[in-house]
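Asks: There's a structure below that I have some questions on.
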Amino acid sequence: MFPAGSPSHTFRRLSLLQLLLLLQALGRGLGRASPAGGPLEDVVIERYHVPRSCPREVQMGDFVRYHYNGTFEDGKKFDSSYDRSTLVAIVVGVGRLITGMDRGLMGMCVNERRRLIVPPHLGYGSIGVAGLIPPDATLYFDVVLLDVWNKADTVQVSILLRPPHCPRMVQDTDFVRYHYNGTLLDGTTFDTSYSRGGTYDTYVGSGWLIKGMDQGLLGMCPGERRKIIIPPFLAYGEKGYGTVIPPQASLVFHVLLIDVHNPKDTVQLETLELPPGCVRRAKAGDFMRYHYNGSLMDGTLFDSSYSRNHTYNTYIGQGYIIPGMDQGLQGVCIGERRRITVPPHLAYGENGTGDKIPGSAVLIFDVHVIDFHNPADPVEIKTLSRPPESCNETSKLGDFIRYHYNCSLLDGTRLFSSHDFGAPQEATLGANKVIEGLDTGLQGMCVGERRQLVVPPHLAHGESGARGVPGSAVLLFEVELVSREDGLPTGYLFVWHKDPPASLFEDMDLNKDGEVPPEEFSSFIKAQVNEGKGRLMPGQDPEKTIGDMFQNQDRNQDGKITAEELKLKSDEDQERVHEEL
């Protein structure tokens with residue numbers, strides 16, 4: 001609305017005499033007849049549109065911005081802010097408006113529409129405005145209020161949604177990432193971060209924002225939604241901003257805080273679950289297998305090892321992963337669940353990575369440690385129980401053993417068990433028939449003894465794994481030694497308990513024809529075993545072992561052994577020594 005005595009810029013050229021006459025007319029209170037036939041005593045107010053929500057009403061001393069159309073009783077327009085495309089921006093109740101307008105604006109809500117009938121004595125009186133408003137004119141105004149504020153106003157903050165978990169609140173010097181919709185007080189949108197497909201990223205309290213936003217963001221939690229109303233003197237003031245924010249405009253921001261960090265932040269650790277009996281914690285140089293869910297601070301998931309059904313496998317503390325994770329994984333226990341919050345300067349920095357991790361993003365990893373080991377780790381052996389009777393002989397290299405076992409991963413995932421086959425596993429120690437770590441762990445056991453073995457992957461199935469065994473997996477065995485037989489020296493298929501017969505070939509040649517066919521050879525060897533004079537290699541098929549022995553003695557491969565061909569292995573070894581000498 002125009003100031004008193006000046007409905008438009010044309011009337012600013014009124015003479016001093018005209019202004020004095022105008023003030024006298026206003027003082028006399030002259031007016032036209034009211035609709036009922038008598039003169040109007042006061043402004044007639046028709047509130048023909050009242051918004052559902054009215055958080056604030058106009059009071060004396062408030063600064064208002066509004067549009068209006070001004071007409072006479074016959075409907076003829078004498079002035080309009082719409083024609084000038086400029087809102088009226090003025091203080092109410094301090095004499096800058098005609099008295100009728102001052103009164104008619106009182107108690108108005110933003111977006112309310114009123115029709116005001118202003119009698120002459122509350123308008124331009126008996127003098128009028130030369131060339132525009134005749135004397136004693138009753139004025140009709142259609143007004144819509146678009147903004148109201150006061151110099152005593154502060155930033156108004158309304159919390160629309162606060163998440164149940166608030167790891168930290170915004171403080172001065174923090175760096176924040178947030179989405180916003182910015183409107184004028186009447187709801188007119190002037191800007192939104194959503195239309196640009198990215199958050200607004202800035203420091204708080206460092207002069208990068210308007211003062212009101214600096215204040216309104218303080219104390220926010222990631223994921224919180226706020227409505228922030230900022231008076232113009234804490235926003236863009238008398239100049240406004242470009243064509244979208246007019247001068248003296250109150251601003252309304254609906255803000256969603258995505259994340260917050262400070263350049264001084266370190267990695268934040270939160271233990272979610274710690275298994276009992278943690279005897280070892282991870283350190284730099286360890287190789288770790290873990291599952292994780294990775295999310296932004298507002299809960300947006302950007303990656304998950306579970307979706308690939310495969311652990312993430314890496315060395316820690318050696319620069320293979322982002323610095324924040326390198327730090328955050330040290331000190332964990334096997335089976336531990338840990339939340340690791342990584343500020344962007346220890347993650348992917350200002351540029352982010354790919355299309356899922358934006359620049360300057362705080363990352364949150366919920367980690368479940370499956371296992372870890374060090375390339376220098378030996379087999380860990382723990383005795384669970386020993387037989388009550390004394391144990392004079394224990395398993396050793398070359399022994400043939402039978403044992404039961406259960407095999408699992410360190411997280412408890414069951415892999416294999418001899419009990420599934422209804423019989424113990426059989427192996428000759430040192431014969432490369434089982435993984436190296438299990439071979440080592442089975443040595444030195446008493447029959448009936450039970451052990452727990454922790455076998456690192458370099459002594460198990462390595463980086464590639466095996467059928468049913470993930471790559472780089474630490475294996476947990478529970479073993480029980482069922483039986484043990486002394487093995488044979490390397491290279492031997494049969495040994496004598498005492499000296500062999502002096503007339504070995506003659507004893508072996510059962511029909512005394514000077515030749516020993518396979519049948520006679522087999523019968524002779526079996527008889528020696530049955531009489532306890534010798535023994536075959538344990539753990540092998542006796543028929544196959546005897547067949548191999550026969551092939552070794554049948555030098556010319558003619559299907560029979562002669563006296564010249566038959567030689568003891570000890571004699572063969574002695575001859576070989578002489579040849580080498």
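The backbone N, Cα and C atoms fix where each Cβ goes, glycine too.
Marked as signal peptide by TrEMBL: 1-31. Feature annotation from TrEMBL assigns domain 'PPIase FKBP-type' to 61-149, 173-261, 285-373, 398-485. The annotation domain 'EF-hand' is assigned in TrEMBL to 496-531, 541-576.
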Asks: Using DSSP, tally how many residues of the domain 'PPIase FKBP-type' (173-261) sit in helix, strand and coil.
Replies: 12 helix, 37 strand, 40 coil
Asks: Where else in the chain does the domain 'EF-hand' (541-576) make close Cβ contacts, counting only residues six or more beyond its ends and a cut-off under 8 Å?
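Replies: Result: 491-494, 500, 504-505, 508, 514-518, 521-522, 525-526, 529.
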Asks: Considering every residue in the domain 'PPIase FKBP-type' (173-261), what is the mean pLDDT value?
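Replies: For the domain 'PPIase FKBP-type' (173-261), the model's average pLDDT rounds to 96.
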